[in-house]
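Enquirer: Sending over a structure as structure tokens; questions will come in a sec.
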Amino acid sequence: MAASSADKCRPLANFHPSVWGYHFLSYTHEITNQEKVEVDEYKETIRKMLVETCDNSTQKLVLIDAMQRLGVAYHFDNEIETSIQNIFDASSKQNDNDNNLYVVSLRFRLVRQQGHYMSSDVFKQFTNQDGKFKETLTNDVQGLLSLYEASHLRVRNEEILEEALTFTTTHLESIVSNLSNNNNSLKVEVGEALTQPIRMTLPRMGARKYISIYENNDAHHHLLLKFAKLDFNMLQKFHQRELSDLTRWWKDLDFANKYPYARDRLVECYFWILGVYFEPKYSRARKMMTKVLNLTSIIDDTFDAYATFDELVTFNDAIQRWDANAIDSIQPYMRPAYQALLDIYSEMEQVLSKEGKLDRVYYAKNEMKKLVRAYFKETQWLNDCDHIPKYEEQVENAIVSAGYMMISTTCLVGIEEFISHETFEWLMNESVIVRASALIARAMNDIVGHEDEQERGHVASLIECYMKDYGASKQETYIKFLKEVTNAWKDINKQFFRPTEVPMFVLERVLNLTRVADTLYKEKDTYTNAKGKLKNMINSILIESVKI
């Protein structure tokens, strides 16, 4: 029989207060006309350089890679698309650099990143008869690094790329400890790659770090570097202005005082969504999605870290009804959050109805209701004498409660590109890439956070459920889930192969969302414990400008 909620203490988590408060209210700097003109002039020079460089040359590969890693490729999407298509089409023909590990690996990675299937057999020439990579390659640090990055584009059953990852990781770890400070640029680049491979790197974080690495590379193109710095700083001002507007909205709600038990993480939510899309054209969508994510965080903490079961019964019911008249049925302290939730989606409807895109909000509401039902399911298990669900049952619910299915759908609501009903239906039906992304988020979050959650009385995580059902140790369970995460990344990679089921920009949102999970939950839950690593990352991309 279920225990009475009146007999239970509220499961307070004692989250630390906001790191930032209302710091970004004052960031209202406008981008000057002089800045815009200067960036546009550089942009046209770089565009000319990109178009005039021969597609089938190493220089073109290096240039495109630098543009992407410096964070300026979004200015040249069409030109890069055409170039990579030409490079892919020509890849079946003999090339002068086909025995150069650096070039072959770079071409492979760029082509696969763009969604073209290039066979991993291109690496066979670098292996012995036993399938192992030749030891002579260990002297080629740039080649090893290029192969290492390429191996992260692998899909399931690509044994040669599994071998490549093992081989390069072993030797790069040895090399980085032995490189002298005279090779500091290369040492930093290798160290960064081992920590966060390009495929798993958030675009803005990657750009911020690579600008410094590229500047210290003697072979850098000074015009491209200057353009990347100017563009980074201009975008930073743009993002600061957005965050200032959002901070004003958050301050007016006064939720830091109304919900002291919840994580006050507006800036961290903005960083999260900035990871999904940073380009200026996504400004409206970014602001909408940040509001939704911030409210979701409050609702999540209400379920996990404050409300009683009886209070949550009516709260869940009100959200499923999605009706302002339901507000009187819930606890007074819950009403501001409920009203804010209705208001956010109502604002979306007002904006999108003018564009004939009202149906998008229907899909977004459905995903939010589904997420809250998953939260409530966990509450029911916990209320049922701390019932530990079967692992398979918990997996299905936990993938939804991770929130990534909701975000994958809702992040598309405010964007201006055309999105068909079929695309939204595809997302909502737990497509392979969305499910893989949600699994990565849930598994990584549970690995770093399950022990803290259990201390305050949280429903059994995937970790506890697996250990109970399969008699596994904690370490064995961690290994199992890290393997699941690796395989999920392979599934994501495969979904990018053309022809894709949905537009590439939709897949890119899910990829970036997965990168956020990898960044936030790599070693600990930096969203919950936001004072260290995450604070530094936010500082580097939203406060500190790049020195020109």
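Cβ atoms are placed via backbone N, Cα and C, with glycine included.
Worth saying up front: this structure is predicted, and the values here are computed from it rather than measured.
So Swiss-Prot has the following annotated:
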- D300, D304: Mg(2+) 1 binding site (BINDING)
- D300, D304: Mg(2+) 2 binding site (BINDING)
- 300-304: motif 'DDXXD motif' (MOTIF)
- E453: Mg(2+) 3 binding site (BINDING)
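Burial and contacts for the listed features, if you can.
Expert: With a 10 A radius on its CB, D304 (Mg(2+) 1 binding site) counts 22 other CB atoms from all the protein chains.
According to its DSSP assignment, D300 (Mg(2+) 1 binding site) is helical. Neighbour density for D300 (Mg(2+) 1 binding site): within 10 A of its CB lie 17 other CB atoms from the protein chains shown.
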Enquirer: Sequence-remote contacts (6 or more beyond its ends) of the motif 'DDXXD motif' (300-304), Cβ cut-off under 8 Å?
Expert: 11, 13, 15, 259, 261-263, 312, 315, 334, 337, 375-376, 378-379, 403, 453, 458
